[in-house]
Amino acid sequence: MANDQNKDYDKIIVLDYGSQYNQLITRRIREFGIYSELKPHTITAAEVKKIAPKGIIFSGGPNSVYDEGALGVDEDLFKLGIPILGVCYGMQLMAQRLGGDVEPADNREYGKADIEVTDDSAKLFRDLPKDQTVWMSHGDLVTRVPEGFRRTATSINCPISAMDDDDRKFYGIQFHAEVQNTQYGHEILHHFAFDICKAEANWSMDDFITKQIDKIRAEVGDKRVLLGLSGGVDSSVVGVLLHKAIGTQLTSIFVDHGLLRKGEADQVMESLKGKFGLNIIKVNAKDRFLGDLKGVTDPEKKRKIIGRDFIEVFNEEAAKLNGIDFLAQGTLYTDVVESGTDTAQTIKSHHNVGGLPEDLKFKLIEPLNKLFKDEVRELGEKLGMPHALVWRQPFPGPGLGIRVIGEVTEDKLEIVRDSDYILREEIAKHGLDKDIWQYFTVLPGFRSVGVMGDGRTYDYTIGIRAITSIDGMTADFARINWDVLQEISSRIVNEVKNVNRVVYDITSKPPATIEWE
C-alpha cells in the first residue's frame, strides 16, 4: 500500500541496511497490529517527516560501518524526536554517528549467545529476566557508547550488547530481536513499539481490503486487467480481490503449462470459476513450455524461460482480447526480498519479479506485494474463499519446473506429481497438514542402485522437503514421526515408477532456501 493508503494507521518504518532478516522486523511489528514497511536507508529526514511514523528501526546488515561505501543515514533523522531502535549494524551505525566507538570484534559472534541485562530500568528489557539467550550475527562491536547513552546489556564476547539514551529515545541492540532464536525478542520489540513509540494497534486486514479495493478502482478506472493464475494461493487470492474490486473488468488466464501438481488444473477451474464467477480463459501451453525447457539444466535459466513464456502467452491472449492495459500478479513481500533489494544480496530470481521482460506491454498491479504469506491466507479467508483453497500448499511460480533438478521432461514430471500426491495424502491422513508450513517432493536427478524383488534396480531418488515456518523468511525442517516417514517412503517406492530410494531434507533456512532450485 502506498503512503496515502496508510494515513490513518500508526506506522513504524524499518530502514534497509541489507540484512536478509530485515523483512522479519516488519512482520513482527505487523503482528502487533501496527503497520510497518521497509524503506531504503537513503530516505531523508524530510521524507520521514511526511510519513510521520511513530518509530524508526535501523535493520542489521552484512557490512562494517568503516567499509568503503558503508551504508549511512541522514543524520537529521536524529533531530526529528522520533524513537529509533538500531539492530546489529543499525546499533553500530547509531553509535558511530552519535560519537561512540565501533571496532572489529576479537571474537565474532554468529549464533546463540547469552546476555545479561545490566540496568533494571532499561525500557526495552522491562519485566524480563536478567539472563537471556539471543541470536548474534556480527563482526564489529560498539566499544564506547555515545555521550548520553548507557550500557543496558552485556555478553562475554560483546561487552556492550545493548545501549540506550532514554531522554532522546534512542536504543540499540547488538542481537537480532526479530528472529525466533532470541528468547525474548517478541517482548523487546513489543516494548519498543508500545511503551516507547506509543503506537496504537490500528492496522487490520479488514482495513487493508477496504483501502486496497479503493486503490485498485482508482488506478484501473474503467480499463481492463489481465491476471495470470498459477494454481497457487497467491494468484487465486489476487483474482478474488480484483474481482471484488472491478468485477467483469478482470479477465484471468490460467496457463496449464504442464508443470502443475496432480489434479490442480481442474481444482482451480472448479473453485474460482464455479464458486466466484471469475472469467477464466484456460490455455493449454504444455508443449510450448516443455519444448523451450528441453536441454536446459541451469535453474536460473529455467526460471527465466518459464517467466518469459508466461508473459508471451499473456501478450498473445491479450492481443486476442483487445483493450487490456494492466497485468496483475501475486507477488508477495517475501518474493521481493529474496530477489534482492538495492542493499540485499540476490538469493534467486523469483518468477513474479525476475522473469519480466524490459518491453513489458502492461502496467503491473501487485496488490499483495506488501503482504507476507500468512497475511495472504488471512486475506483469502476474509474474502470468503474456501478453506481448502486458502490453505493449500505454497507453490512457486515456475511450478514443478524447479522441483525437477536439471532438465525437465514429462517422465520426470510424472514422478514428482505422483510422489508429491502421496506425500500430501499421508500428511493429511496423519493430521499434520496444519502443523507443517510447507511440504513437497523433489527429483534430484541422480540414480542409485537398489534391489526390488529378486532384481537389481538403478532408479531415481526422491527428496522430501517439509518445513515449519511463520512467514517463509526463516524455516526449520519438520520433525515428522519416523513411522510416518517410513510409510510415505514405502508408498513412494512401491507406487511410483522408476523410484527406489527416498531421502528427507533436514536443512534449515538459512543456509538453504525452501525450494531446491
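Quick reminder: no glycine exception, Cβ is built from N, Cα and C everywhere.
In three-state terms derived from DSSP, Cys88 (active site, nucleophile) belongs to neither a helical nor a strand segment and is classed as coil. For Cys88, the entry in Swiss-Prot reads active site, nucleophile, with the evidence type sequence analysis.
The active site annotation in Swiss-Prot covers His176 (among others). On its own chain, His176 (active site) has Tyr21, Gly60, Val87, Cys88, Val134, Trp135, Met136, Ser137, Thr182, Gly185 as residues at least 6 apart in sequence with a Cβ closer than 8 Å to its own Cβ.
Positions annotated as active site by Swiss-Prot: Glu178 (among others). The Cβ of Glu178 (active site) lies under 8 Å from the Cβ of Tyr21, Leu24, Ile25, Arg27, Arg28, Val87, Gly185, Leu189, each of these being in the same chain and 6 or more residues away along the sequence.
DSSP assigns Asp234 (ATP binding site) to a helical segment in the three-state reduction. The ATP binding site annotation in Swiss-Prot covers Ser230, Gly231, Gly232, Val233, Asp234, Ser235, Ser236, and the record cites sequence analysis as its basis.
Sequence annotations record features per position, and here Swiss-Prot assigns domain 'Glutamine amidotransferase type-1' to 11-202 based on sequence analysis.
According to Swiss-Prot, the feature domain 'GMPS ATP-PPase' maps to 203-392, an assignment based on sequence analysis.
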Can you check which residues sit near Ser235 (ATP binding site), meaning Cβ under 8 Å from its Cβ, same chain, 6 or more apart in sequence, and list them in order?
Leu227, Gly228, Leu229, Gln329, Gly330
Coarse DSSP state, helix versus strand versus coil, of Glu178 (active site):
coil
With an 8 Å cut-off on Cβ-Cβ distance and a minimum sequence separation of at least 6, pull the same-chain contacts of Ser236 (ATP binding site), or say none.
Leu229, Val268, Ser271, Leu272, Gly330, Gly380, Met385, Leu389
Other than its own, how many Cβ atoms are within 10 Å of the Cβ belonging to Gly231 (ATP binding site)?
22
What is the set of residues, excluding Ser230, Gly231, Gly232, Val233, Asp234, Ser235, Ser236, whose C-beta falls within 8 angstroms of the centroid of the C-beta atoms at the ATP site?
Leu229, Val237, Val238, Gly330, Phe395
What are the non-local neighbours of Val233 (ATP binding site), defined as same-chain residues 6+ apart in sequence with CB under 8 A from its CB?
Lys373, Val376, Arg377, Gly380, Leu389, Val390, Trp391, Arg392, Pro394, Phe395
Taking each of the recorded positions Cys88, Ser230, Gly232, Asp234 in turn and counting other Cβ atoms within 10 Å of its Cβ, which one has the fewest?
Gly232
